[in-house]
Amino acid sequence: MVSHGSSPSLLEALSSDFLACKICLEQLRAPKTLPCLHTYCQDCLAQLADGCHVRCPECRETVPVPPEGVAAFKTNFFVNGLLDLVKARACGDLRAGKPACALCPLVGGTSAGGPATARCLDCADDLCQACADGHRCTRQTHSHRVVDLVGYRAGWYDEEARERQAAQCPQHPGEALRFLCQPCSQLLCRECRLDPHLDHPCLPLAEAVRARRPGLEELLAGVDNNLLELEAERRVEKEALTRLREQAARVGTQVEEAAEGVLRALLAQKQEVLGRLRAHVEAAEEAARERLAELEGREQVARAAAAFARRVLSLGREAEILSLEGAIAQRLRQLQGCPSARGPAPCLVPQLELHPGLLDKNCHLLRLSFEEQQPQEDGGKDGAGTQEGEESQSRRADAAKTERQGGTQLQARDEAQTPKEKKAQTAQEDKAPTPREDGAQTLEEDRAQTPQEDGGLQPQRGGRSNKKRKFKGRLKSVSREPSPALGPNLDGSGLLPRPIFSCSFPTRMPGDKRSPRITGLCPFGPREILVADEQNRVLKRFSLNGDYKGTVPVPEGCSPCSVAALQSTVAFSAGARLYLISPDGEVQWRRALSLSQASHAVAALPSGDRVAVSVAGHVEVYNMEGSLATRFIPGGKASRGLRALVFLTTSPQGHFVGSDWQQNSVVICDGLGQVVGEYKGPGLHGCQPGSVSVDKKGYIFLTIREVNKVVILDPKGSLLGDFLTAYHGLEKPRVTTMVDGRYLVVSLSNGTIHVFRVRSSDS
């Protein structure tokens, strides 16, 4: 563990990015320190200030701007001193590539001095050899420290130069700050000391530091103690999160197995019922065919006899009729008096009887309980409790399996019962206690029937009890607030997209000098993505499997922020400019953007021949030639100054989707700026909306970094539910993109990329 009390070295301060502005990423110029102790260039703060307030880009703390403007913020003399040291080492008056002596023009009257070979640490002047020898021989400068210039440039005397360095007064150039005015807490030079602080008690800087250092060190020690406590709490939180993920994985496996078991049992019942149905129909058809054949034969005989009798009666003479009268009468009497060989065949029509639980929406075959367990100090006891918890879960799973099997057997037995048997059984069941309609018993009933299996209070080793509180309810995602209800007709219907993990890979490459900071993602070619690494000032290409494909060169000094691919070109924002470059890095055009926004989101239109960029609350659309095609404000002119789109994307339907940090909402608008949907509900958990991506059906995937979630909105902006959570390995997600409309790519703050396949109901 790194000790918080260790002091950083001067070399670390000079070689790290401590002296770089986090806004412009350049060396600090006129450094101003905010009350949150973050330092930025004065000009950068002036561009970032919004009226009477400025928001720190690092800690997001809102700070009021003094009435005099950002110039009234405290000047960071500490950073100024380090910058003077760096500038003195790196630059100076050069002649033929060598620094010139600073005293020769003053002594000899020449316009330029000779080549410098030494440096006075007290005067901060470069000296030639002759001036350096004379510098040591005068009464005023004989005690000055004169060192070799090559060694000074190499950093050998940084510590010594730092000790002899004096802060300069900003009001009186050339005068060093020497005093501290106690009533005003202001640093003074000799000129400032005369007026208006002449009557104020002042202390020399060394004495003032000795008086105030103990108080600062005491405060620093308190903060160090707080850091230790925060580290311990963070470690406990991570351990709890690890246990939660492990338990969630086990429960997820149990849910999958239970669901598969129920489906197998249901399919087996399906096959059994369909088999009985087919057998019944085949037997009935065979009996009907035999009966029909017999009836057709008897009908044919009767028709023939009747036809013969009619012909004789209608066409025969009296003698002929009388001669056949006896035979005809006998045959007709025989046909009339012949009884049917068997009675009418019974027709048994099948009827399907469904179990009441299948039609009851309140009946849940899978029930989830949440147990709040207090952390234990003893690791052995914790392990014992975990083992007992797993055994209890196993017993509950076995009981649930037995209950399901019993229900299956009972239903099969009911199908085999006659109506009279069913009526008798119903009368007996009416006398028995009636269970709840949702098929679930109360907590007290569970404890009364299965005290060992309900996870109730049980003694542990050492006589200590593991106190748990149980909460029963339907399955919902783990978050800081209860998850909002799902949209209409989607609860449990399987219509929502589901994530299927594809792969994960790091983006740090061997040539990177710093840890990656991914600020932009976009599809790039078939099954490839383009990654904007702002920290290393590079655009990296990766396949969806994580294979590194090289880089797209960017102009010198550019730090790409947001990126989008257009046909065979790449558009990206860097600082206050929008660039369009070819894959080999050739700049097609660049456009200046407003300075009032720290970063600009870029998105490609579905047509692939235009690029949209968010600028100071409105959206500008440029064509491939760099001409401004259109410009609109989401919500029209009435929303001017009320929008701040930090993230932006487009949908296949041609809509623009943006994360509005001014309204703390997700806004959807058409190409004319007409708002067609907006979400600012409780699903944001009080956080600012993050990166947005849209799949081929128009579903919106919104990143909420603070709670490690990606949620789904419908195309109109209504919240549908969680898509990714910490259970899926999300830890501080930054930006996302959608590839081919079915692969969601998520980048984390540590530079790792996760790829998920979006599985919809029809895939």
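The backbone N, Cα and C atoms fix where each Cβ goes, and this holds for glycine too.
What TrEMBL says about this protein:
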type	residues	note
DOMAIN	21-60	domain 'RING-type'
DOMAIN	164-205	domain 'B box-type'
COILED	227-305	coiled coil
REGION	372-493	region 'Disordered'
COMPBIAS	392-404	compositional bias 'Basic and acidic residues'
COMPBIAS	412-448	compositional bias 'Basic and acidic residues'
COMPBIAS	464-477	compositional bias 'Basic residues'
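Predicted-model confidence for the domain 'RING-type' (21-60) is 86, expressed as mean pLDDT. Within its own chain, the domain 'B box-type' (164-205) has Cβ neighbours under 8 Å at 75, 77, 80-81, 84-85, 121-122, 124, 145, 211, counting only residues six or more beyond its boundaries. Secondary structure of the domain 'RING-type' (21-60) per DSSP (helix as H, G, I; strand as E, B; remaining residues coil): 7 helix, 11 strand, 22 coil.
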